[in-house]
Each structure stands twice: as structure tokens, then as C-alpha cells.
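Feature annotations, reproduced from TrEMBL:
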- 1-18: signal peptide (SIGNAL)
- His130, Asp154, His156, Asp158, Asp239, Asp241: Mn(2+) binding site (BINDING)
Amino acid sequence: MDTKLLLCFCMLLFTCNARKAELLRALGGVKASASLLGVPLGHNSSFLQGPAFAPPRIREAIWCGSTNSSTEEGKELNDPRVLTDVGDVPIQEIRDCGVEDDRLMHVISESVKAVMEEEPLRPLVLGGDHSISYPVVRAVSEKLGGPVDILHLDAHPDIYDCFEGNNYSHASSFARIMEGGYARRLLQVGLRSITKEGRDQGKRFGVEQYEMRTFSKDREKLENLKLGEGVKGVYVSVDVDCLDPAFAPGVSHIEPGGLSFRDVLNILQNLQGDVVAADVVEFNPQRDTVDGMTAMVAAKLVRELTAKISK
């Protein structure tokens, strides 16, 4: 795929965003609206690549007739002032044209910037494996003109310098983010599979790492976080495997001893700060239950993140 074709894709996305934003401005009274952007990328996973199939399954669960479109605080997802959807970045089609990861990450970043170009849209990104957080956070920081604070919920710190020789590994995304200066504070919550390198890298970058073995002691602090003051806002990254597999079995890396779903909601709903963007990553439909339990969990996460973003 040549540069002209990549630019054409970004222009099509920009046009779609512009029309949606024009509608919201016409409706009035909207300061911020969450806009779904799918990034179906799975090849940077070190184990299974099923997260590439997650975005359509999450969308299907969001609008499933077994539930309704209201958030817990009463916002309605079927109101375009609360949530819009700009579709997916065509990851596989781009890769089929021989595009390497350096350029692919650039395409993802430009796609996120295209969403942010039109007020009041704010990106809520559906992964995909966790490697997508790097180009998304980079785009958010560059577009806003400075670093953000990041709340990262995960069983793993994803901060290896270069996992298995891959700079863009899903296990290295936050190393790239911190190296780039795109985050002032990085809080990692739910950790329970962390190596010596993960802890050393955390110290190197000044990461605030909260492990599950001390969660009962840390709970009060984590359920009353205040982030984003003095920077460009707050970015929230939710790896579905932050949850105990009893709540979300459809993940590539099953790690017992995780957060309950209500633990996660308490942290998100009580978070004080301007959430300017977010992602939900690492849901693997190929490992989900027959009735799509984890898809519904991911959809609920999207629903409640939408409530935090929209104003």
C-alpha cells in the first residue's frame, strides 16, 4: 500500500468524523462524545492472535437485545451526543499490502488524530492486542500538545524493553509510551504476573505499580484516584485480563487472582479527571464461552468508559 492509499483512508475517516461531529454540534450541548474506533490487530501478541477478531464481537454485545443501552449513571448509548462509531482501521488489508509495523503504527496514530480533529469527538478504541495502546497514546499526546496521565488496568505491566525481539510487542507497549514522553504518570493496577524486568522497568520509568497481592491495602486509594491535573488529561487503558478469569475467561493470557468486575467499575466510576481517550484490549473471542460472556464484559467496560468520556 503506497502513501497515497494510506492518505485516502485517513481522508475517508476524517470525512466520516466531520459529518458525525457536525451532527453533534447541530444538536448542541455536547462538550465531549466518545467515538468508537476499532483496531483489529493481533499479530503483536506473544501467544494467541485472537484479539484481532474482537472489535465486531464487542460491538455486537454492546447492542445485544439481552441488555439495554444505558450506562449505570443513566447515559444512553443510542444518543449520538454520548456515543458515535467511526468503524475500523483496516489492519489486515493494510498488512496484506506489505506495510510493516513502523508504518502501520503511523496509520493507527493518524486514524486516532483524525477522530480528534473534530470536536467534540474523543476516541474510545477497541482492540486488538495491547500493542495498539502505543500508537493511540502517542496520537492523543501529540494532538493535545503534551503528556497525559495513564490509568492502566492489566494482569501484566507490558513494559518489557523489547519482548522476544519485537519492539512493538503487546508486552512492550508501555515502554514505548514512557520512552516517548507521552505520559507523566503511569498507574498500573491489577498486576499479578510481573517479572524482575517488569519491576526494574517500572522503577526506571517511575511507574506506580499496584499488585493484586496488596490490593486489599491499596483499594481505598485506587477507588479514589485523582489524575490529569497539570497535564492534558487522563487516558484509560483496560486489558480485559485485569479481571479474574471467573469474570472474563475469553482472554489469551489467563491469570487467576484478578480484579472483580465491580472492583474495576469502582475504580473507573470514582476516577476524578478529564478522560480524553481510552482503549479496551486483549479480549480474545476464540477463547470466550459459547454464550459470549467475555464479549458482554468488554461491552460493559465500553459502556462505562463512554460514561466517563462523554459530557
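Every residue gets a Cβ built from N, Cα and C, even glycine.
Note that TrEMBL annotation is computational and uncurated.
Those same-chain residues not listed among His130, Asp154, His156, Asp158, Asp239, Asp241 yet with C-beta within 8 angstroms of the centroid of the Mn(2+) site C-beta atoms are His152, Ala155, Pro157, His170, Cys242, His253, Val281, Glu282. Around the Cβ of Asp158 (Mn(2+) binding site), a 10 Å sphere holds 30 further Cβ atoms from the protein chains shown.
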